[in-house]
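All remarks here apply to the structure that follows.
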Ligand SMILES: Nc1ncnc2c1ncn2[C@@H]1O[C@H](COP(=O)(O)OP(=O)(O)O)[C@@H](O)[C@H]1O
Ligand SMILES: [Mg+2]
């Protein structure tokens, strides 16, 4: 059992607060992705869990042990670093065997585990090489194999694919998902790439400014953002936001149309670009730029002077200057509190 | 703007480049000559027969006669002094690296109050002229019984070598990514184990280089050696003492015996010394 519980963890670097009271529970064998823009504190949180950084306050539990006072080696974790951290003075074999030798495992068992994880990561023909003789992708595989060979309860990965080129990243992503699904580990995976997060995660924790804004499944995070930030960060193109003015109880006027919404003193209207379809009664969107993408066409427009994007069927070919009428799908409309930026 | 540019036009870039080049080449030539000419004269004379050394006019091509060197090494006391030099330099090397490498590691890995001041002080130790310290040191050494011993002199030499040992190892350790150590910690190492299994193997060539440098510092040092030893003279102190009374070819042979090993050592470790200057200049 390796459930991870993070209770009220905060981290100050001098006067700068990198993490504000983070609470998070990660279930046993769950694949949790920490997603957020650069500098939001993902690495700091991961390093606190690993024991490479000490929290200013709060507790970290792995299984039924409180680990925040333990050194990294006693936490039952393995980590994959962004720049791989493959030991240059050791062969690939000895790199993968490093942790096993520290555990004083018998040679036969070491060889068995190294061979097995090397096969899993498709690097069995590289075992005699040194890190200087490997490509970036191969080093990445060695780093993952080294972590897996430990058979840890928890694997922590800090942007493991961000140094690979696009094609390799795609390939490794699928492979990592397969390999980790087959292991019994709880995984925490840090990335700033929303597509990576979506494709890998059982659950995504969206972070912003040292706080976890929402922790939920990928579809939930996408469909029901808990905060305006989540909607604007996830999705490409991101969610559209339009100001709304009250038009009676639970009625809001948006771009000249009236929509049923929450009963609140103020609200902001939100809709994803692909949840719109052309209709004579829709929101009037003045087209600025049209980008045909093959299956869809991306339209950048303004609605009541506010920027607005729509992904529409490519059979429709509007021109800049046209006014498109785009009707939002009623069940996909979301509302946010303009003050707190939280979902209504 | 373009008009102003053409009015007070700088000299044609071509000419500037050519004269700049001339200055550069001359400067380099002078510096090279400054270093190489004395070494060449030393070598040429050491490798000439004793009679040739004092002859006039004298050829600057050595005759590769080893008589001078043979005479030098057969000279009473030379071999003992050589052996003393090696012993003192070895102890200096061990003390300088034994203390300097941990200090270099601490500087590269930890943030502590006064870190910059410490780095500055390390260099400042070289600002005290040894002659100023020599007399009090000699008195203190006589009181503690360290005078005229290998260890006593090695301790003084170690204080001379230590700043360089600290700075070189600091730059070495800084060049080893901290992630490698962190990876080792997550794989089951304590900090010390990570240093032994990961950092030291990677830093070994550089540490060897700074050890050699400490050796050379001691090997070349003459002042403290002359003041603090009487019976157990190192080669430098021995030569200084017998300089007046020895024939010219002996001086040249002695000089060569001192300079050549030092030169070879420094040449072997030059890469790491440059690294140190890179850091020290920052
Ligand atoms: N050792 C440190 N000293 C000072 N500030 C730091 C340190 N490490 C991280 N920070 C700051 O904390 C914030 C979060 O950093 P980090 O966790 O690395 O972000 P992320 O991994 O999400 O890009 C950043 O603003 C960064 O500048
Ligand atoms: Mg990061």
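We count from 1, first residue shown onward.
Using the three backbone atoms N, Cα and C, a Cβ is placed for every residue, glycine included.
TrEMBL: automatically predicted annotations, no manual curation.
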With TrEMBL as the source, identify the stretch among B:154-173, B:174-193 annotated transmembrane segment.
B:154-173
Annotated transmembrane segment segment (source TrEMBL; candidates B:22-43, B:44-65):
B:22-43
Write down the single range among B:86-108, B:224-246 that appears in TrEMBL as transmembrane segment.
B:86-108
Do the transmembrane segment (B:86-108) and the transmembrane segment (B:248-269) come close, with at least three CB pairs under 8 A (pairs 6 or more apart in sequence)?
no
Beyond the flanks of the transmembrane segment (B:120-142) by at least 6 residues, Cβ under 8 Å:
103, 152, 156, 159-160, 162-163, 166-167, 223-224, 227-228, 280
